[in-house]
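Sharing a structure below in structure tokens format, with a few things to ask.
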Amino acid sequence: MFVRSSWLLLWGTIVWASAEPVTLHIGGTFPMESGSGGWAGGEACLPAVEMALKDVNSRLDILPGYVLNMTNHNSQCQPGLAMQQLYDFLYKPPTKLMLLTGCSPVTTVIAEAAPVWKLVVLSYGGSSPALSNRNRFPTLFRTHPSANMQNPTRIHIMEKFKWKRFTILMSVEEVFVTTAKDLEAIARKKGIKVDRQSFYGDPTDAMKTLQRQDARIIVGLFYVTEARKVLCQAYHHGLYGRRYVWFFIGWYADTWYIPPPEEHLNCTAEQMTEAAEYHFTTESVMLSRDNIPAISEMTGMQFQQRLTQYFQKDTANVGGFPEAPLAYDAVWALALAFNCTRNNLPSHIRLENFTYDNKVIADTLFQCVKNTSFRGVSGKVMFSDSGDRIARTQIEQMQGGKYKIMGYYDTTSGDLEWYNKEQWLNGKGPPPDSTVIKKHAMTVSNEFYYPTILFAVLGIAACVFIYLFTQKHHERLIIFQSQPECNNILLIGCSLCLFSLFLIGLPSDDISISESLFPLLCHARVTILLFGFTFAYGSMFAKVWIVHRMGATENQQLASRQKDEEENTPWEGIRTLISTMVGRQALMRKSSGQAYGALLEKRNTVLNQPISSSKFYVIVAALTAVDVFVCFVWVLIDPLHLTEQKFPLFTPADSEEDEMIMPVLQQCQSNQQEVWIGIIMGFKCLLLVFGTFLSYETRNLKLRFINDSRFVGLAIYNVAVMTLVTAPVVTLLIHGKVDANFAFISLTVLICTYISVGLIYGPKIRHIIKVPPSADEIQLNGNVGPGVMSKVDQKRYDMLKKENETLQIQIEEKERKIHECKERLEELTKNSETEDMNAQLLCENDKQIADENLTYSTATTLTTTIPLIDLQNGNHPGQIYENDNDDDGSSTSSDEILL
């Protein structure tokens, strides 16, 4: 049975061969010159198609009894001309079963109209991605892969060389516009930034734009005529060389960059060659390079050698030579589809019966083309559902004026086969995708940071030393009467302020802070400096506030006491004492007790009373609570975060020209930064001004248990002036100058802390070192005695003491005279009564003289002298007062006065 069937098939073939073959007509358009379309592909593709027709017609196993014949026209890649040629194909006999088209513009207009006449269109040169639209082109198939198939290859190359930005330069033809849109969409999905520039005819303006945009990686989408114009302008604008990488379409001729004389480009061949060096091309594989024969029984290389014989010039200058294998395989695909259709048609329908309204033959032919699969000279030929050719992409680079294959990309698998043979003009690897902009964090220079940190460490160490020193000598009167607990808060605050300089100076030249830790650094800066200021200044403010309040209380008590003294003044008793000294000792003792009681009351005022430490703690705690509340609300609703303030770029002196430095200032910022700064600074400024006012008001007040109030006031003056001057300067004038900003802040903190600690603790340390503990006025039982007098009080005391000594001498002289008078009175009593009367009169006169001399010790003098003598001798007033209640009759009048 098998032998019989074979003989029947052979007999049928012989019969068909012996009979006159039936001619099947096809129409073809070929762009024989570039024209305005820019691709003269017909120059090589037409000979390739003719070669394929000859080979197909010579095969007895394909379309037996039929021969293929083609009617062709030169479309010049002009859509309008192509429409006229389509009209000729349709309305001039014979009937065409299928159409072959070349460039994309021509394919677009023919394939869009062909379904009306039930024609299948097979394109050997249409690469426009728009042609993949099945709704618009339902009967189109292409042996030329879509231009979109090269886009994944381009993206893989970008990723391989770590380029995150490139620019598309395209002509405005639809094929390139759609390719650019697809490439941009893929790039954005990969996180690659894409810029686009288009031109029509003259690319000069577009090249200037590329230069302004600092484009470095440029993908060109245009026909070869525009490609030469672009390359010439790239040379004139300097957009070539080691800093630039160009991607061109791979189906140009190998010497496409050499300008033909008729184009009159303003570039020589040498200039164009220089500009074209090291560019890349991507193109679908159009020629099989293996040794496996195709359906035509030729390998790809054999086909290329055979086609070369058709030309009398270098094939590099032949338009469409790379696409010729696609045109050759298109004829074979067409022939196989006809053969398939012949075998699948009903017996009563034959191929030669095709008309433009024959749907049966058209549908059968469409399905046969769609299912076509064979090995051609361009590789495996098959079509996708959209009619596109499925093929690998080849990447080449021009090196030394010749193209070298760099690798292949398989679209179906997504694998990039790379040979690592790429070369670069600079010899240092691929150039960057743009001018390398290196961010340079504007940090505090080491020349400022480390000396400041040194002084801060010394200040903290000094605070620790002073604390230990005062703890060791806490029993000394000068320490005990200065509120040491409040002063310890000052030391803590100063230490926190000094420690904050470590954080304010970060990041420095040698110390960097990660972005994740920067918000924590921001909050630490604010809180530590804020609490340090509150502790340090708040402790001093608490002192001047309490001094002011106690001074006000003392003034009220003094006013009340003066009112009482006006009604019953003790000086009347003193005058009575002086006037009745002789012979009236009980009365004199009573009057002296009344006078000293008034002096004792004047001495035990509010200013000399002990002060509880809790009063200072309450004030500092209240100020701290305000800061805690503000910071908590700030962090909760509007936290600080890292922001970068960018400054103008500059080119470093010792770097490559494609590298620039962008200074960046890292700042702590919140959404309502000005509001929070205003709240904090407003409160602190009011506190500073009020503290300065209180210091001025209490400048003359001396409290025994705040013995350093005068130095506290001076420290407040210093802090207020430095802070009120520095804050506006730092906030408004030098906010963006890192070193100046840090210098102002650090100097303010250092000066305020050093001067405050020095003013408050310097005199104490000096006193403790120079004055031994035995000289302190501290009683053995631990009760505190009188305070140390100031220089003014000491001078006043010396004057009153000298006056008192003078008065004491005068009193002694008068007492001596009184004693003499008494003796004379006794003698005269013995002689006679008359003499007694005379002596009595004489004594009365002397007594009168004594009364007049004793008035030199005025009430004011005695009022001041008695307490000052008591202060100088260290006597407790209670001891003297107890002696006043003693009825010892042996005391003389001088003893009573000199208490």
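For all residues, glycine too, the Cβ spot is worked out from N, Cα and C.
Summarising the annotation, Swiss-Prot assigns signal peptide to 1-19 and lists sequence analysis as the type of evidence. The annotation topological domain 'Extracellular' is assigned in Swiss-Prot to 20-447, 509-525, 638-674, 735-741. Here Swiss-Prot flags N69, N266, N339, N353, N371 as N-linked glycosylation site. The transmembrane segment annotation in Swiss-Prot covers 448-468, 488-508, 526-546, 617-637, 675-695, 714-734, 742-762, and the record cites sequence analysis as its basis. Annotation source Swiss-Prot lists topological domain 'Cytoplasmic' at 469-487, 547-616, 696-713, 763-899, citing a curator's inference. The coiled coil annotation in Swiss-Prot covers 791-842. Residues or ranges marked as compositional bias 'Low complexity' by Swiss-Prot: 890-899.
Each of these features: where is it, how hidden is it, and who are its neighbours?
Taking a C-beta cut-off of under 8 angstroms and a sequence separation of 6 or more, N69 (N-linked glycosylation site) has the following same-chain neighbours: T23, L24, H25, I26, L53.
N266 (N-linked glycosylation site) falls outside any helix or strand according to DSSP and counts as coil.
Sequence-distant neighbours of N339 (N-linked glycosylation site): residues of the same chain at least 6 apart with a C-beta under 8 Å from its C-beta are I62, L63. Secondary structure at N339 (N-linked glycosylation site), taken from DSSP and collapsed to helix, strand or coil, is helix.
N353 (N-linked glycosylation site) counts 12 other C-beta atoms within 10 Å of its own C-beta, drawing on all protein chains shown. The DSSP secondary structure for N353 (N-linked glycosylation site) is helix.
Spatially close to N371 (N-linked glycosylation site) yet at least six residues away along the chain are C340, judged by Cβ distances under 8 angstroms.
For the transmembrane segment (488-508), the list of distant contacts is 441, 443-446, 448-449, 452-453, 456-457, 459-460, 463-464, 466-467, 470, 521, 524-525, 528-529, 531-540, 616, 620, 666, 742, 745-746, 749-750, 752-753, 756-757, 760: same-chain residues at least six beyond its ends, Cβ to Cβ under 8 Å.
Broken down by DSSP into helix, strand and coil, the topological domain 'Extracellular' (509-525) contains 8 helix, 0 strand, 9 coil.
Note on the topological domain 'Cytoplasmic' (547-616): its mean pLDDT in the predicted model is 57.
Distant neighbours of the transmembrane segment (675-695): 530, 533, 537, 540-541, 544-545, 547-548, 623, 626, 630, 634, 638, 712-714, 716-717, 719-720, 723-724, 727, 731; these residues of the same chain sit at least 6 beyond its ends, with a Cβ under 8 Å from one of its Cβ atoms.
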For N266 (N-linked glycosylation site), what is the tally of other C-beta atoms lying within 10 angstroms of its C-beta?
11
As a quick check of your reading of DSSP, tell me how many residues in the topological domain 'Cytoplasmic' (469-487) are helical, how many are strand and how many are coil.
12 helix, 0 strand, 7 coil
Would you mind reading off the Cα separation of N266 (N-linked glycosylation site) from N353 (N-linked glycosylation site), to the nearest angstrom?
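It is 57 Å, counting Cα to Cα.
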Helix, strand or coil for N371 (N-linked glycosylation site)? Use DSSP.
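Note: N371 (N-linked glycosylation site) is coil by DSSP, not helix or strand.
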So what's near the topological domain 'Extracellular' (509-525) in sequence-distant terms, Cβ-Cβ under 8 Å and 6+ beyond its ends?
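Same-chain contacts beyond the ends: 441, 443-446, 449, 500, 503, 631, 635, 639-642, 666, 668.
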Report, as numbers and ranges, every residue of the chain located at least six residues beyond the topological domain 'Extracellular' (638-674) whose Cβ falls under 8 Å of a Cβ in that stretch; write 'none' if there are none.
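Tertiary neighbours of the topological domain 'Extracellular' (638-674) are 216, 243, 431-432, 435-442, 507, 513, 515, 518-519, 521-523, 525-526, 736, 738.
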